[in-house]
Amino acid sequence: MPPQATTKEEEKMSSVAPIPQPLEHSSSQRGAGANISNADASEGEFRPALSRDSSQHVIGHAGILANGDQVNGEYTNGTMNGATDDRVSQHTVDIDTQDNNRLHRDRKPPLPITVKFVDLRNTVKIEGKTTWSPKHPFKFRRQPEIQKEILHGVTGSVMPGETLAIMGPSGSGKTTLLNLLGGRNHHGITGQSTYNDIPYNKALKRRMGFVTQDDVLFAHLTVRETLVYAALLRLPTASFTRAQKVARADETIVELGLERCRDTVIGGPFFRGVSGGERKRVCIGHEILVDPSLLFLDEPTSGLDSTTALRIIQVIRNIAKAGRTVLTTIHQPSSRLFYMFDKLILLSQGNSIYFGNAKEAPAYFSSIGLTPFIAMNPADFILDLASGNLNDISIPPALEKSSTMQIAGSDKPLLAAPSPSEVHSYLVQRFEQELLPKEKSKLLSLGSTKEELKLGVTAKREWSTSWMDQFSVLMIRGLKERRHEYLSYLRFVQVFFISVIVGCLWWRSDRKTEADVADQMGLIFFIAIFWGMFPLFTAIFTFPQERAMLNKERASDLYRLSSYFMARTLGDLPLDLVMPTIFVLIVYFMTNLHLSAAAFFLTLLTVYINVVVSQGLGFMIGAVLMEVKQATTLASIVMLSFMLTGGFFVQHIPVWMKWLKYISFNYYNYRLLTKIQYSGSEQYDCNTSTGCKSMSTASVFHGMNLAGGGIDAMALLIMVVGYRFLAYFALRRLNIRH
């Protein structure tokens, strides 16, 4: 997109991010009424006083001071008198560099999308609690279900090239509104929201970017790897070659100023990586790779220092200037950040109390009798109003009457501060009387959207890449992200020492007597149990730990669930089979098991199948519960049940519990390993007076038929497929519910 024309003054401002210097004032300039505390010069907020040419935006006690203009509490630069103050934008910082303009010049501009929403309401159901009383120990009472309305008829609009800020105190409904407009919530919604006059549809997913409040990224990937894999998944193969996708990721790195950390890992809670601001820019880059027409951001500056927050908002402004529609929630921005937004929705307890030009918000509240007595950040001022806090703020006449108290024995009434509920009711009433009718009439006057723009948001939903491309990219990404786990020396040390301990305990075991055979049967059962539990409790964590990433990427239609599932379950197999191989190589020859090539490789293959089956069971439990503690508890119960019914500890299981052994993979694995090691033609106790005995008659086998083994192998293979199918359908159910 061609860069926008700028004036010479704006070009100067875009090339440098000036830091305002503290102003020097004489005592005559301070005045008695300007009781203003000094503050951080770099934030451009509070000053001891203001000269006529000051570049700060401050709310004064007598009205609104915009660029030093104060006219007896009347706003002379905003909509109150029909004019706009263009000078305010001159004091914000613009970082459109020549590099960014060059990067956008060759790109196809995004489809312009206008978002409109009228009387948007959202209701959630709160399940009633179950209560119990010791007076009635056998009686449980369940409270009725409660419906709570989170949003109460919110109306507004935002055009391409504009940035809409959604502000309000905690619990006011900011994130709820953003999720509704971003298509992340479809339940309990009434009212109308349109995109180029078309209701939300799944085709819009590929024209949206959604940056969540939590930075959901893979900790062990570098910045460049994160964006390259996102480009390979999100950019359409029909329009981009692989080299062009990688080039787009590199362009995004330059555009967001991430060149210095491009090869640095993202980092996690236990090891360092990029900074918080860089992490947030990576999240934004992840969404703007596809040049979305709509960009939603949930509190992108939370937890960041003022300088980093400024850089993030500058990036967001540049994204909007490229023709995109940007909506963001933000919590208590500095004055510099506040004046960088084009539009503002101010929420209080789910109600709108302001919608319009962000710069004109303080003037509107001043016009309805709410003016600060001291200079303060305009964002702090309007958030105080939204919270019902009128400290250091004038009380309008309507609220003075409602808050007048009469003291016994005194003829003079006492003015009490109005309650937050009274302030809230007043603000909602004035908004519905003055601003809401104008906004609704403005929405009607916008007219109908062109047909070609409507078609752009109703185009057929198609995947950007093929199933095989998604599978290969996800597999490679998964291997890179988890290579530190599988190649960890701790895992090697763990398996190695267990193997050596087992080899020493069964050192050079023999099968000459029935007691020797009984010892070897204990070894075989241990192998079956160990390689059933070890992979099971590792696989349990797979889907619960990746749930946030899966929800985020699936909500953006990055890939099919089937391609993710296959890549996640098959991609780890080569690394998962390294440890069993090491174990079998050490244990098999130290314990002197059946020394033949066929027996060795069949034992190794059976252990592999055992690993895959137990992994599938772990995938299924994790996918069904999606909560690590619950999944671990259930897995412990299941594994102990399978172990007890595996055919080693208990031989005479009650009939009504016998079904457990037939669903126990330990039962089939133990039988298969036994049949590989022994055959009915073998003999033992040949050195006794009774003569040689057939191995099939040994009591340690409890009548097991040592021939065959096909049924046991078939049962294990059915479990390999069955557990994974159940895990997939559990994820599918979770995806539909989400």
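Numbering starts at 1 and runs along the chain as it is shown here.
Even glycines carry a Cβ here, placed using N, Cα and C.
As annotated by TrEMBL, compositional bias 'Polar residues' applies to 24-40. Marked as domain 'ABC transporter' by TrEMBL: 115-374. Here TrEMBL flags 1-54 as region 'Disordered'. Annotation source TrEMBL lists transmembrane segment at 489-509, 521-544, 597-625, 637-657, 713-731.
Within its own chain, the transmembrane segment (489-509) is flanked in space by residues 516, 519-520, 523, 526, 530, 579, 582-583, 586-587, 590-593, which lie at least six positions past its ends and keep a Cβ under 8 Å from the stretch. Counted as Cβ pairs under 8 Å, contacts with the transmembrane segment (713-731) are highest for 597-625 among 521-544, 597-625, 637-657. Long-range contacts of the transmembrane segment (521-544) within its own chain (CB-CB distance under 8 A, at least 6 residues past either end) are made by residues 498, 502, 506, 509, 550, 568, 576, 579-580, 583, 587, 591, 593, 607, 610-611, 613-619, 621-623, 625-628, 631-632, 635, 639, 642-643, 646, 648, 665-666, 669-670, 673-674, 677, 700-701, 727, 731.
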